[in-house]
Amino acid sequence: MPAKQVAFAEHAREKMLRGVNVLADAVKVTLGPKGRNVVLDKSFGAPTITKDGVSVAKEIELADKFENMGAQMVKEVASQASDEAGDGTTTATVLAQAIIREGLKAVIAGMNPMDLKRGIDKSVIVVVEELKKQSKPCKTQKEVAQVGTISANSDDSIGKIIAEAMEKVGNEGVITVEEGSGLANELDVVEGMQFDRGYLSPYFVNNQDKMVAELENPYILLHDKKISSIRDMLPILEQVAKSSRPLLIVAEDVEGEALATLVVNTMRGIIKVAAVKAPGFGDRRKAMLEDMAILTGGRVVSEEIGMKLESTTLADLGQAKKIVIDKENTTMIDGAGQQSEIKARVEQIRRQMEDASSDYDREKLQERVAKLAGGVAVIKVGAGSEMEMKEKKARVEDALHATRAAVEEGIVPGGGVALVRARHALEGFKTANHDQDMGVAIIRRAIEEPLRQIVANAGGEGSVVLNKVVDGKDGYGYNAATDEYGDMFEMGVIDPTKVTRTALQKASSIAGLMITTEAMVTELPKKDDKSGGDMGDMGGGMGGMGGMGGF
């Protein structure tokens, strides 16, 4: 086990605070509409330019081990705020720095760190309740666009396109962000259920201009195994042929004789058929087939529930208004499933989302909800260069998270005003003792900091603006983008309640732990290791390998 170094009391706190300040000072320059960019060096490729707090925080590693521990703990604040609310990372970092700075001053003055932490925790609960009282529901498309615009650094084109996407696919719909090929942002909406499997044979194509297979009012056969023998399928094919309606087959695979027979019958015009592979793998494939069955009002033909392909009837098949299949995707439009069953399935998947342990599983479950409930919208980000594309894509993703948070928990005045307004809830708030009261005072001072920083980044004087805002009421605040005072809701400067709440809770949680730190332990820095210097002799010895040419 390598030797360790230990720092205690003042020395430990001083080093920790230095690390916190380095990271927070780099992150907080990005706050607000007039926040600056930060350039991040990459080990390969061009540098990345960003205004996203968590991206800056993730890049910072300090040489001094003790300082680095302080920086890493504040990095955790930004990461947690990003994970839970998707935005507010810079606000969380600014709040954490302010709480730690004021808290450590109080510890140095002789206050009890544990009581300070208790006071901080109690006052955060009061402030969060006050934020919830200020919160208004985010209902209109205009409000959604305003939230997106603020989060995307006052880029109203991003706010508008996100609001449009949310209106088209609903709050439950999936909105994905991709790199576009042009200069302008584009919105592509897929209604109905789409999955990433195309036709198994190009001979199924019946629209030669678009190279797609279009099936109007088709039956849909869902099977969870491979189909290789046509004999099993003959009974159901005959029933479908009599009905004169097309058929889509979704199975693990359709191959050999079965595929050849389907192609021949389609080309001769005896029956209009298309076959695609089922999406996903393993248990996820079974779940998605079941989703399709519920959406189309059919059943999955599965031996697990005692059903056989040869005994399938038309009543077991799903139906839809239209199906479009291209080389890579299949889209089912207007399935014939019962709305009550679809709703119940969506609720079931939502419960699974709450229990999901990984982000990947949660994302896949969210996609399934969207395919059942709404649709899928793709925002294609346009930019003039690769560097701009990366920066813009990150902003669109941030804005998307913020708008989802706004729809979920509502909106409060932006620009740091909501936190300043929440201060009055702490006036006269008394705790068990003087040291805990000091913890309350620390939060009262810290929640001014986001407003002060936004003003400082805009080139103003924080204290002057703060006093004017404090004298106002409700949504009255300072719009740093236009350098005007007024009602923040009317000016469209709004923040999601969830983002503001999460930023404060995460910042106070980790700051409280850091204030109560009394010792720090880390490995001793390693001396430069010169063990690679003796390898020069190997060049001569390797020459004998030339004889291997005989092979």
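Here the Cβ of each residue, glycine as well, is placed from N, Cα and C on the backbone.
Take the CB of THR90 (ATP binding site) and look out to 10 A: across all protein chains shown you find 28 other CB atoms. Classification of THR90 (ATP binding site) by DSSP places it within a helix. Marked as ATP binding site by Swiss-Prot on the basis of sequence analysis: 30-33, LYS51, 87-91, GLY415, 479-481, ASP495.
With a 10 A radius on its CB, LYS51 (ATP binding site) counts 21 other CB atoms from all the protein chains. Taking a C-beta cut-off of under 8 Å and a sequence gap of six or more, GLY88 (ATP binding site) has these contacts in its own chain: ALA81, ASP495, VAL499, THR500, THR502, ALA503.
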